[in-house]
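S.K.: Here TrEMBL flags His231, Asp261, Ser343 as active site, charge relay system. Taken from TrEMBL, the feature disulfide bond covers Cys211-Cys232, Cys301-Cys311, Cys337-Cys364. The annotation domain 'Peptidase S1A alpha-lytic prodomain' is assigned in TrEMBL to 122-175. Annotation source TrEMBL lists domain 'Peptidase S1' at 224-378. Annotation comment: TrEMBL describes 1-29 as signal peptide.
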Amino acid sequence: MNRMRAARLVGAVLVATGAAITVSVPATAQPTTGSSTNTSLAPQVLAALQRDLGLTSEQVTARLTSEARATEAEQLLRGTLGGLFGGAWYDAGLGRLVVGVTDPAKADQVRAAGAEPTVVRHSLSRLSDAKAALDRAGAPKSVTGWYVDAASNSVVVKVNRNTRDAATDTFLATARTLTDAVRVVEVDQAPRLLADLRGGDAWYIGTSGRCSVGFNAVGADGGEYFVTAGHCTEGGGTAYGPDQRTPLGAISESTFGAGGDYGKVDVTATGWNLLGEVSGYDSADVTVAGSTEAPVGASICRSGSTTGWHCGTVESKDETVQYAEGAVEGLTQTDVCAEPGDSGGSWISDDQAQGVTSGGSGDCTSGGTTYFQPINEALSAYDLELVTG
């Protein structure tokens, strides 16, 4: 296999987004853009706030307005109160910020900032120091978390009641030597990781652009990986998750050219749960059961982070496709559309993994031709086993 070479993502994107659609180009990483300057509340956010908080549209507006004032007040008072600041929290019933102070003489200062004062025993800095000491204390697994709770002016330590043991009690005794503000809260379950990764999810190549996850896999060494398009991984570097901030791991392998168009990302960062699924976006995720190759003429669907799900038929296999960046051999042709940013995304037939998006011509408005790299070749090259659901 070819190791990583210098990336040509920017140039390829320019061709992909140009007016001409008759030239086949890799469906390369889509350039990232800055955040919108539009501060109006998105309709789906408004609907979620109404649904989950039981508010009317007018109540949502009023609450967000008062929360904005509370945010400004906290920033001000945190600085002006200094070591007398005992923490702050928004009280929805009052409709304003509540601020703890260790000196009653500071109450008028809090009121002048539009907040409600309450006198507390411990300053926020003192509670934070105690929490930092707990960070270094080596908690057993039965202790599921700890944090400063301003409203109760305490350091809350959460304990799983179902796994509490002698080590738990030893840790709690240690915690109480650090501060008399410890408050133990028993819970029924331990937390679990929720940052799932599945086919079709967006991933980011450093700060240069976006591609899509193809399929998750495990290696003989027990390592976790995902397979994507090789032209997405040519530059190497760090891969980031859908939020553009959370690292996934290292871009480790790339093949682009005579050997095909596939690459590998090593998912070494903690907190990722690799699923044998392809993202359903607004619907249920699609389970991947294997990688039996579908014949020419079979129906096939693909998932990508730009355009979501689109389907069509397999038209040919083992095709050499001449991109502006060079010829790529061994691709499968379909009559399914794709657009920049869909590169590397998942192709399935029924519940069987087929491959990862390489490139094509056209778009999902006018229709087009799209090629994919067969998944089994990539799995074999990297000695990987597909993660199934």
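Glycine is treated like the rest: Cβ placed from N, Cα and C.
Since this is a predicted model, take the numbers as computed values, not measurements.
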S.K.: Could you give the number of helix, strand and coil residues in the domain 'Peptidase S1A alpha-lytic prodomain' (122-175) as assigned by DSSP?
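M.R.: Breakdown, helix to coil: 25 helix, 14 strand, 15 coil.
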S.K.: Quick one: of the recorded positions Cys211, Asp261, Cys311, Cys337, which has its CA closest to the CA of His231 (active site, charge relay system)?
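M.R.: In terms of Cα distance, His231 (active site, charge relay system) lies closest to Asp261.
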S.K.: Counting other CB atoms within 10 A of each CB, which of the disulfide-bonded residues Cys211, Cys232, Cys311, Cys337, Cys364 comes out lowest?
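M.R.: Ranked by other Cβ atoms within 10 Å, the disulfide-bonded residues Cys211, Cys232, Cys311, Cys337, Cys364 bottom out at Cys311.
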S.K.: Of Asp261, Cys301, the recorded positions given in the record, which has the fewest other CB atoms within 10 A of its CB?
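M.R.: Comparing Cβ neighbours within 10 Å for the recorded positions Asp261, Cys301, Cys301 has the fewest.
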S.K.: Of Asp261, Cys311, Ser343, which recorded positions are close to Cys337 (disulfide bond), meaning a Cα within 10 Å of its Cα?
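M.R.: Among Asp261, Cys311, Ser343, the ones whose Cα sits within 10 Å of that of Cys337 (disulfide bond) are Cys311.
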S.K.: Checking your reading of the structure: which of the recorded positions Asp261, Cys301, Ser343 lie inside a 10 Å Cα sphere centred on Cys211 (disulfide bond)?
M.R.: Ser343
S.K.: Within 10 Å of Ser343 (active site, charge relay system) (Cα-Cα), which of the disulfide-bonded residues Cys232, Cys301, Cys311, Cys364?
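M.R.: Qualifying among Cys232, Cys301, Cys311, Cys364: Cys232.
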S.K.: Distance between Cys311 (disulfide bond) and Cys364 (disulfide bond) at the Cα atoms, whole Å?
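M.R.: Pair distance, Cα basis, whole Å: 11 Å.
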S.K.: What kind of secondary structure is Cys211 (disulfide bond) part of, going by DSSP in three states?
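M.R.: The residue in question, Cys211 (disulfide bond), is strand (DSSP, three-state).
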S.K.: Mean pLDDT, the domain 'Peptidase S1A alpha-lytic prodomain' (122-175)?
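M.R.: The answer is 89, the mean pLDDT of the model over that range.
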